[in-house]
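TrEMBL has this to say about the protein:
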- 27-49: transmembrane segment (TRANSMEM)
- 82-104: transmembrane segment (TRANSMEM)
- 110-128: transmembrane segment (TRANSMEM)
- 133-153: transmembrane segment (TRANSMEM)
- 179-201: transmembrane segment (TRANSMEM)
- 213-246: transmembrane segment (TRANSMEM)
- 266-285: transmembrane segment (TRANSMEM)
- 361-384: transmembrane segment (TRANSMEM)
- 390-423: transmembrane segment (TRANSMEM)
Amino acid sequence: FQNVGRNERIIDADQTFSPELRHWRDVFWLAIFIIHLIVLGVLLAIFGLNRFKTADRLNIDRYTEGFWENNNGLTETYWPKYAVAGGVGTGLGCIWLLLLGSRANQMMKVSVHILTTYLAVISVLCFWCEQFFWGVAFATGAALQFLYVIAVIDRLPFTMLVLQKAVKLVWSLPEVTRVAYAFMAVMLLWMGIWSFGAAGVVASSRGDLGRWWLLVVLSVSLFWTGAVLCNTVHVIVSGLVFLVLLHGGRNASSMPPNSLMKSLRYAVTTSFGSICYGSLFTAAIRTLRGFRSKIGNNECLLCCVDFLFQLVETLVRFFNKYAYVQIAVYGKGFNRSARDAWELFQSTGVEALVAYDCSGAVLLMGTILGGLITGTCAGVWTWVTWRDRVIMVGSTAMLMGMVLVGLAMVVVESAVTSIYICYAEDPSLIRRWDPQFFNQMSETLHQRLQHRSARAREVLTQNQLDSHMQDTFHL
């Protein structure tokens, strides 16, 4: 296995980070993202200012009469709640980064096991507040989380091993945590503007469906912006980690000079369009793929949605998180990077190992838990003052917390993706870095390939048996 498709690297080590290979990629999506920020910034300013200190300051309520209930709410009534959300989310993200080297493994284990309980508690609180829809939603989430953990319990030891090694790698590069802190500060500044407008929307009406639609639009925008910043950190960190593994250490003589600054410069210039493009789709596709893995043992349900998830698997080839490593190092466009990464995994068999690993799900659990804690803090304060706005403020505050905590979590995910790309391109890179870990990865991959072969033979035998029975029946 280890010699299949691995005789050559995609690009020679001396060519990585080469300025000659750097061209502006996916410029259209870069322009769309920038235009979106400008337009949204103007709308946020209008929404926030219209209710700041004076109701209907800009006299725009007359345009919403008939389909919008206008009242005398003020932006500053709700803006402090979002300030609490930003502070709590930033605090949780900073705590995660501070404990990255000493307690990261324990924190990830806690995230896996406590998330179900926390979702159940939030569900009970929603029922107590007579928010039955949200109570059912959180209860369903708790049940799905519990079933998912039970379904992948046998994968968790290997997953925790990969995460432990990724943390070890990140901890040896303290500059990547400084990058995460810097981008958290940038995100916090944008959230100050975003929450100003969101607070104005919350204050603008009561019990109005239009207000919810506006918040959904603002939340989608915040999600995309947060994903762009997270994936920018992903590109910066994964590029640096890849080079460290490729050259045998950060102090190696062959290591390109100023690697971090080059990675940062390329990420926010020539490759930024690719990041904006990929950020629109990767999270949704990974979520759908994760859902497919949860129903993999339910043959009836799997048959009903097989066509949909065949489409999802096709999209995964074009939208996957491993693309960002190749964007970082080789300066490719997003589609080509995603396709090359997927084909690399398929040709070497490492795709079986990637599918078995649940590190992305574990990190997502930590991100969701951070968002829930943030939303709870903002929601409890809102419940004390404006009980009818708890869900509205709490849900949007939860999104803010997820984005901020996700910026901290992404540094570990970047190391994980770089480890798998390096292992697929040249396993000797991992052997040189950590021989024991290399042996464990190789053993697990051998087991997964054997398992797939056995499953394929079982399916083939069953199909032959069914065909034989049909022939006998017709005779």
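Every residue number used here counts from 1 along the chain in the order it is shown.
Including glycine, each Cβ sits where the backbone N, Cα and C put it.
Within its own chain, the transmembrane segment (133-153) has Cβ neighbours under 8 Å at 112-113, 115-117, 119-120, 122-124, 126-127, 159, 293-294, 297, 358, 361, 365, 391, counting only residues six or more beyond its boundaries. Among the listed stretches 27-49, 82-104, 179-201, 266-285, 361-384, the one sharing the most Cβ pairs under 8 Å with the transmembrane segment (110-128) is 361-384. Under 8 Å from some Cβ of the transmembrane segment (361-384) lie the Cβ atoms of residues 78, 81-82, 84-85, 88-89, 92-93, 96, 107-108, 111-112, 114-115, 118-119, 122, 129, 145, 148, 152, 156, 159-160, 163, 290, 390-391, 393-395, 397-402, 404-406, 409, 412-413, all in the same chain and six or more residues away from its ends.
Ranked by Cβ pairs under 8 Å to the transmembrane segment (213-246), the stretches 27-49, 179-201, 266-285 are led by 266-285. Counting same-chain residues at least six beyond the ends of the transmembrane segment (27-49), those with a Cβ under 8 angstroms from any Cβ of the stretch are 57-58, 60, 75, 79, 193-194, 196-201, 204, 214, 218, 221, 224-225, 228, 272-274, 276-277, 280. Listed stretches 82-104, 179-201, 266-285 were compared with the transmembrane segment (390-423); the greatest number of C-beta pairs under 8 angstroms is found for 82-104. Sequence-distant contacts of the transmembrane segment (179-201), counting only residues of its own chain at least 6 positions beyond either end whose CB sits under 8 Å from a CB of the stretch, comprise 41, 43-52, 75-79, 81-83, 85-86, 90, 93-94, 97, 211, 214-215, 218, 221-222, 225-226, 229, 232-233, 236-237, 260, 264, 396, 400, 403-404, 407-408, 410-411.
Tertiary proximity for the transmembrane segment (82-104) is limited to same-chain residues at least six positions away from its ends with a CB under 8 Å from its CB atoms, namely 163, 167, 170-171, 177, 180-181, 184, 188, 191-192, 195, 198-199, 366, 370-371, 373-375, 377-378, 381, 393, 396-398, 400-405, 407-409, 411-412.
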